[in-house]
Amino acid sequence: MAVTSGCLLQRAGAFHQRVASENSSRDLERRPDLEGLTVLSDTQTDILHHCTLDLTKVGDCDRINMAAIEDIYDEIGGLHLFQLLMIIWVYGIKFMIAWSTLMMSFGGFKPDYACIVHDHMNQSSLKYMNDTQLREQAEKGINNQTFLNVCDLNGTVCDQFHFFGTKRTVISEWDLVCDLKWMKPTFISIQFGGLLTGAILGGQSGDYFGRKKTLYGSYLLHTLLNVICAYSVNWQMFAAMRYFIGVMIGSVLVMIVPYPTEFFPLRWRHVIPSIPMWPVGLIFFSGVAWRLEDWAYLHLTCAALAVPGLLGYFYIPESARWLATRGRLDEAYAVLEKMARVNGKELPPTAMDTIKAISQEQSKGSEGKDYSYVDIFRTRTTGKITLIFAFKWNTLSMIVYGLSFAVTSFAGNLYLNMFLMNSIQLPAHLISFLFINRVGRRWTCLGFLTVTTLASFACVGIHLQAPKDLRDRLISALCLTAKLAVAGCWSASQTWVTESYPTVTRSLGYGFANMSSRVGAIIAPFLINLDQMPLLTFILMGSLTLISMVMTCFIPETRNKVMAETAIEVEMAVVRSEQRDDSQVTEKSKDHNIKEDMDKGKEFDLVSKKFPSSSSGSSSKPNLETEKGVSTFVFAEDDVVSKL
């Protein structure tokens, strides 16, 4: 499948200009032991190999410029004003989404209550008692039987319940105790069932209708549903509203990381998930809950504070990557122009060529295809990645939400516990931010998972051996440690998942991982139960994180890798990584010989990275050799692509 010489030479010249301008933190690696010799990165070699071996049309060699969109982002500002606006208007939505998601951490609080049985009590005397007097009477009881926090009095079921304190929760609103105590975990599971549905629908919608419409449409409906929920007339209506709110939350969370990340250059991609918008929102929520102490007012406040985030719809553009893969080239170019204008930069002249290359590659591979969740299992590599991330996110979600909703079971002040449980995530995001680009996604996650595993199994030993007065404090401290580590791992994993899928299925891949995490959140209230089965809870946490550690080792590292646009790039990157691992030792010895031969003017095969055995002397012009229908570049030292 030969490609014409003119096309190849034209692309080689453009490619050489790109290679010369790229720095070591992205696609180019300069070997310190080979001074003066420029070595192609794996991504560049894969692209060039794909161009010269697998394509059939002259125009197909434009594929070699696909990765240049990362360079365009750098040239028009990198991390600049436009990206900061993306963080505020797009990722800032997560602030209120966190509030809405964890609403039941306050709404599910069960205040102390008195069991009122009309046949055994003097109703007229009860009417004139204040809370303090009634509590004292309930503790004292009738005929030596207390009626504080009980479900019957002398075998007679309570006629009504009187809840103490000023907190108005859904438990006190509809007497969800005794026979209806199962409603608290059920509300949580219903809500996360909605998040599961939203993750499925949001991922599909994001790739079909676009990132922007999916995100802001879901956020608008989420805001309206919070208002309706505040006026629920019974617990059945409340449960239904929480389900639909969950659907909108799930859809938003699928878009909240991939959408803004597609506007960031390679070296800044990890910034988005590292911003602690979620814990900051929950810290603010604990303060507002302490002030309002009313579940209905909290829903209305959430809706009111969500309105400013909706204004971003009128300013933030659609993803240029997504527009290019859908063939909307002029719109994609307009997005890049807007980014450059806001950042005060000039758009490079190669921008439209890059957009066209992305569009052409996508149209050749899909022929107008609309992708679905089936496509993230279609190849061996993406299928493996999807299943591992699914299990890992399921585990992380189960622990995070299980401990978050268990805050009502901890001793001490509810609002202080909420504050501590959420503020502990702030250092986790900072640690993740510092390490994710230094040691990579894999080692960052492995470190956090190790801490979680050790903390969980330590809780098992403390629960079995520590004295009662010391046990609760130690377990609370270790639970906070586990929450910190899991939050850090999840922060790093959000970047990792986003980078592991090509543009055409990125929101689907992220959506599937998000969907799997909702399964974990649904079962979390029943499995992470510190009140009824603490020992089983800690064993389960430690075992699941240990399995996740092993599985994490099989996910390809994405640090300093250009995000793929099509599925074939993902497969090629993995193959190259495996080949590099197998031949790492021998390559070091070969590189020195390559440099010596090139200094002598010997010809170098650009694709195979070898010198033809038949080569003798140097050539002043590039040659194109074809063997068995496969085109191969051969360049001399002074050719267009020198010292590659």
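Numbers here mean position along the shown chain, with the first residue as 1.
For all residues, glycine too, the Cβ spot is worked out from N, Cα and C.
So that you can see what the record holds, here are the features copied from TrEMBL:
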TRANSMEM  81-102  transmembrane segment
DOMAIN    100-560  domain 'Major facilitator superfamily (MFS) profile'
TRANSMEM  214-233  transmembrane segment
TRANSMEM  239-259  transmembrane segment
TRANSMEM  271-290  transmembrane segment
TRANSMEM  296-316  transmembrane segment
TRANSMEM  387-408  transmembrane segment
TRANSMEM  414-436  transmembrane segment
TRANSMEM  443-464  transmembrane segment
TRANSMEM  535-555  transmembrane segment
COMPBIAS  579-608  compositional bias 'Basic and acidic residues'
REGION    579-626  region 'Disordered'
COMPBIAS  609-621  compositional bias 'Low complexity'
Best-contacting stretch, by C-beta pairs under 8 Å, relative to the transmembrane segment (535-555) and drawn from 81-102, 214-233, 296-316, 387-408 | 387-408
Taking all residues of the domain 'Major facilitator superfamily (MFS) profile' (100-560) together, what is their mean pLDDT?
-> 85
Kindly say whether the transmembrane segment (81-102) and the transmembrane segment (271-290) touch, using the definition of 3 or more Cβ pairs under 8 Å where each pair is 6 or more positions apart.
-> yes
Count the Cβ pairs between the transmembrane segment (214-233) and the transmembrane segment (296-316) that lie under 8 angstroms and are 6 or more residues apart in sequence, then report whether there are at least 3.
-> yes
Sequence-distant residues near the transmembrane segment (387-408) by C-beta distance (under 8 Å, 6 or more away from its ends) are 102, 104-105, 108-110, 188, 192, 414, 417-418, 421-422, 452, 479, 482-483, 486-487, 489-490, 493, 496-497, 500, 509, 512-521, 523-525, 527-531, 537, 541, 544-545, 547-548, 551-552, 554-555
Using a Cβ-Cβ cut-off of under 8 Å, list the residues of the same chain that are 6+ residues beyond the ends of the transmembrane segment (296-316) and lie near it.
-> 85-86, 88-90, 92-93, 95-96, 99-100, 103, 106-107, 168, 212, 216, 219-220, 222-224, 226-227, 229-231, 285, 288-289
